[in-house]
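Enquirer: Could you have a look at this structure, given as structure tokens, before my questions?
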Ligand code: SF4
């Protein structure tokens, strides 16, 4: 362990044990789940952020914070799984259920390309008729017409569902949709991995262990992914740290998780209404602990879409190196009350105003455009994140252009 003279951190707390853990983590040492929990509950906020930021600085000394332009295509809201926190789904045969046609999906891909987007997130319910064949057909069609778009989509839950519908193994389902065009898995559906809180909010979903098993199968086939976490549905602090532990264990074996993305539960229009919501401080502390504990996951993304721009900026001082996306379409968390919106120029400003250098990235986190100075900033004001669908008219303007809510 480094001596005091070689310490990364200048901050010293009044708690010797916490001080030692923070110093070790900031210097690149591994911390235990018990130590992570102690930091999460007891470390002074500023010291915790300083340690996480020291790790971020060592990994990314250029001070660059990335974002991506993508489109979330919600192909159906029909779902058998009925998660209690979900305001998006409709049960099969419900009058408000819908399925987007392939032509509609391709039109949305065309708009994404037109607006400079590089990535598609295909996200929807567990439709009773959609097996592996549905995804093969749609991914192949997207790749045929828009080979420049990266399909970064689905998570282990959808793989489990489609394999069951088609009567094949999850390994085979993964192989087939990868061959058809899937580039990487988005890692949605992780929710909260430990059994008690997961069963409470998503009793019909596969277990956290099964979710991770399928992600591990994907990684072994060369399909990398990100991994998410839903905070604020009633889980304990220890269960939050257990979620991180379960991810780190798989990552030690596969190295396939590119990024960790926690986000907060949105309480509107669902069956969990009124349950505890994670506070912004809890969210920021979790980000910092994740940066220190997940020493094997390269990127850490904060979800300003659910917490807002101010928290998004603060997160850049808690170990975060990526602000996620300008999402040209999003319906799932918006249905549950996520109201924060931005356009590309505002997002770039948010990053610069937090004393970081903004850069557009691709799915592999390669920098496409670094905005070193305002002279390098993007100029396309049409690039907004949206509550719902958009459509470009022939003049190139958005016809359903919902105003910024913030
Ligand atoms: S979160 Fe996904 S799986 Fe759960 S009910 Fe909503 S659409 Fe279905």
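Along the chain as shown, residues are numbered 1 onward.
Backbone N, Cα and C define each Cβ position, glycine as well.
TrEMBL feature annotations, pasted as is:
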- 65-296: domain 'Radical SAM core' (DOMAIN)
- 79, 83, 86: [4Fe-4S] cluster binding site (BINDING)
- 85, 191: S-adenosyl-L-methionine binding site (BINDING)
- 303, 325: (3R)-3-methyl-D-ornithine binding site (BINDING)
- 373-392: region 'Disordered' (REGION)
Enquirer: Can you tell me how far the Cα of residue 191 (S-adenosyl-L-methionine binding site) sits from the Cα of residue 303 ((3R)-3-methyl-D-ornithine binding site), in Å?
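Expert: So the Cα of residue 303 ((3R)-3-methyl-D-ornithine binding site) lies 14 Å away from that of residue 191 (S-adenosyl-L-methionine binding site).
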Enquirer: So how many other Cβ atoms are close to residue 86 ([4Fe-4S] cluster binding site), meaning within 10 Å of its Cβ?
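Expert: Excluding its own Cβ, residue 86 ([4Fe-4S] cluster binding site) sees 22 Cβ atoms within 10 Å.
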Enquirer: Hey, for the [4Fe-4S] cluster site built from 79, 83, 86, who else sits with CB inside 8 A of the CB center?
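Expert: Going along the sequence, the neighbours come out as 81, 82, 85, 88, 89, 125, 126, 202.
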Enquirer: Counting other Cβ atoms within 10 Å of each Cβ, which of the binding-site residues 303, 325 scores lowest?
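Expert: Comparing Cβ neighbour counts within 10 Å for the binding-site residues 303, 325 gives 325.
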Enquirer: Given 85, 191, 303, 325 as the binding-site residues, which ones have a Cβ positioned under 6 Å from some atom of ligand 1?
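Expert: Cβ < 6 Å from ligand 1: none of the binding-site residues.
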Enquirer: In whole Å, note down how far the CA of residue 85 (S-adenosyl-L-methionine binding site) lies from the CA of residue 79 ([4Fe-4S] cluster binding site).
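Expert: About 13 Å separate the Cα atoms of these two residues.
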Enquirer: How many Å separate the Cα atoms of residue 83 ([4Fe-4S] cluster binding site) and residue 325 ((3R)-3-methyl-D-ornithine binding site)?
Expert: 25
Enquirer: Cβ neighbours within 10 Å, counted over all protein chains: which one of the binding-site residues 79, 83 has the most?
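Expert: Highest number of other Cβ atoms within 10 Å: 83.
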Enquirer: State the three-class DSSP label for residue 191 (S-adenosyl-L-methionine binding site), counting H, G and I as helix, E and B as strand, and everything else as coil.
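Expert: The residue in question, residue 191 (S-adenosyl-L-methionine binding site), is coil (DSSP, three-state).
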